[in-house]
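Engineer: The domain 'MIR' annotation in TrEMBL covers 272-329, 335-389, 397-450. Per TrEMBL, the feature signal peptide maps to 1-20. Positions annotated as transmembrane segment by TrEMBL: 95-114, 140-162, 174-204, 225-246, 523-544, 595-615, 621-640, 645-662.
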Amino acid sequence: MHKDILISTIVLLLSYTVRIHNIDKGNYVTWDEAHFGKFSQNYLDRNFYNDVHPPLGKMLTALSGYIYGQSSDKFTFDKSENFPHNFDYVGMRRMHAAIGSLISLFAFLTLRNFKFSRKRSFLGSLIIIFDNGFTTICRLIILDAHLLCFTSFILLAFSYYYKTKGSILSQLLLGVGLGCVVSVKWLGCLTMLYVGIFIIYELYMESITKPVKNVLKFLVQRSMFLIVIPLVIYLFSFYLHLLILANPSSDSNQLSVEFNFSLKNNRYTNYKKYITYGKQITIKAENGYLHSHKHVYPGDDLDSEGINKYQATTYGHSDKNNVFYFQLPKSKVDSKFLKNGDEVVLLHDETGGYLGTDYRDAFISTTEKVAYFKNDVPDVNSVFIIELDITKDQQGPNVVSLLGTFHLKHKISGKYLTITKKKLPIWGFEQGEVVLGEKSNKSKFRIEENLYSDSEDNMNHQCKSGRFFQNVWELNKHMNRINQHLLENSNLEKASISSVPSEWFIMKTGLRMTQWGDNKRKFYMFLNPLSLYVSSISIIYYIFKVFNLFINHLRKLYEDQFIKNIKRNEVICDGDVKNQTINDKSNSKKNFNKIIYLFYTSFGGWFLHYIPFFIVGRVLYLHHYFQAYYFSLFATIILMKKLKLIYFALYTGLVIIVYILYSPLTYGFYDQDKVRFLSIIPTWNFVDKK
């Protein structure tokens, strides 16, 4: 026990030392530090923000910012910007490195639970320590150190669960780990699936071998520890998230009115209930604000002195180009407030254009008609009819801001102003498409900003704030929408930035994490090539090995049954022989079950954390493979258990040598010529071709 503690301490300190080496180099915002550094500042300023990930990992990053004195007056984490001298970015990076160092410690303890010797467990942990990818990802101010730490902790808890035959403590540890990993990134759902499949298998085995009472006890226990506890942790992370981010921001404008009313000092309390003609407003659709700007559609010439048809789009953030005015087409009509059935024209403030159509096909949704804002005197093509949705919040004839929804029906064509949830190309600044189409939920709009009114009977708005579970549900739906919009950006240099899952298994390329100018220290995300290729070979070999073992196991079961049928009427007189036969069969079954368990632990973890990416539609990067890669390294280590210790030590030594060779990519380099000899595969693009 004391030796395990000593070795664990050595592993932890060595891992930390490797990860913080030259961590002060590259004194500028690197890669995704631009995102997560800003998010950290939002927590410290208590300003609400939107993101694709759950909050736990970002709050841990904010904790590092709090400890090391991060503040917006010192630094704003703009991309590639140099850190100021009075900002302790090194401390924040070291805290992430410390969390990342736990991965190697958990790997050592996991191998000990697998009944590996101390020496083999130590050598296995060195393979994790001296991986260029793990070092790179764990020394930056990003979420992946947290994600990998909790993933490795789950594998440790899973091994303890198997070792202790599902003890209460092991279930508790598993539940806590699952709650934490899914609260850092939704990739943790793959880890939950990984554990869940094994639990379902166990439940099935219980159901065919144990009484119903035992099965129910098993089911209730696992449900409490592996479903309820992770859910509680997930919800608690959002509770802290919303408790800290109490102030509204431009990001909170993308969420519902009820959500915004739950924030402090929200601006909605000053909004008028009804919409007055000729007063400034903003109009919101499901995916953003109705928007226009001084840019025309392809094929239309921009005439700065004449009449133009400007693009109609949606935009997700507050902007001066979101401002509109409702007007009456006939000045003799006496109407104070916007109401159901009114014929109106919609004026855009910045362009001076009126909403209309010329009946051309839309550019993306070609079955619909184009919508534009034409800076000319409104005509019959500019007239729309207000169609109000009658709801509990919208009872009378007047359109109610914030809560009431309405449709804008084009008077001549009968079509409705509609969003398509599709992005326009670069010429439309990748904003949302707006067309004239059929009436649907996509043609629903509501008035948001509504500060001005001359009428004394137009009261300020009152609204109930959203409840906690309602707010969490809305946030998660919004996170999912953001995730779905993370598509491939055609402006990125694909070969140096993004990748596809089929490339990860063979590490076709790495990832340039910085600008590649000669005067900049360059960092390249790159796994240890030896570890990567051996782990990929191990995965393939492991499949054939276990398949062959499974066939032999089935053959043996058949042979045993055949012999049993032949000797059905024979009596075994020698009790020792009989007991020996039973013990042999029992040991054989235990060995087979353990082999299958280790196979599932490594190969199953790799498979479930890798294959799902083939059906993901969003943009992907090499670091998305890191969870699966961690499990594949265990496949290598498990398969090498049969090797003599000296050979395993020799392999580990080679891993360390390769790590050192490629360490300039990890710790940063200036001169590409000095690392050119390392580019042994043409698609490795850490040097520019001459």
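Quick reminder: no glycine exception, Cβ is built from N, Cα and C everywhere.
The model shown is predicted, which means the values in this text are computed figures rather than measured ones.
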Engineer: Under an 8 Å Cβ to Cβ limit, what residues of the same chain, 6 or more beyond the ends of the transmembrane segment (645-662), are close to it?
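Structural biologist: Here the qualifying positions are 117, 119-120, 123, 126-127, 130-132, 526, 528-531, 534, 678.
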Engineer: For the transmembrane segment (621-640) and the transmembrane segment (225-246), decide whether they are in contact, meaning at least 3 CB pairs lie under 8 A, counting pairs 6 or more apart in sequence.
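Structural biologist: No, the transmembrane segment (621-640) does not contact the transmembrane segment (225-246).
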Engineer: Can you work out which residues elsewhere in the same chain, 6+ from the ends of the transmembrane segment (523-544), have a Cβ less than 8 Å from its Cβ atoms?
Structural biologist: 26, 30-31, 127, 130-133, 136-137, 505-507, 510-514, 599, 602-603, 606, 621-623, 629, 632-633, 635-636, 639, 651, 654-655, 658-659, 662, 665-666, 668, 684, 686
Engineer: Please give the sequence-distant neighbours of the signal peptide (1-20): residues at least 6 beyond its ends with Cβ less than 8 Å from one of its Cβ atoms.
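Structural biologist: Tertiary neighbours of the signal peptide (1-20) are 93-94, 97-98, 100-105, 108-109, 112, 118, 121-122, 125, 128-130, 135, 138-139.
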Engineer: To the transmembrane segment (595-615), which of 95-114, 140-162, 174-204, 225-246 is linked by the most Cβ pairs under 8 Å?
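Structural biologist: Checked against 95-114, 140-162, 174-204, 225-246; highest Cβ contact count belongs to 174-204.
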Engineer: Under the DSSP assignment, what numbers of helix, strand and coil residues are found in the domain 'MIR' (272-329)?
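Structural biologist: Summed over the domain 'MIR' (272-329), the classes give 3 helix, 29 strand, 26 coil.
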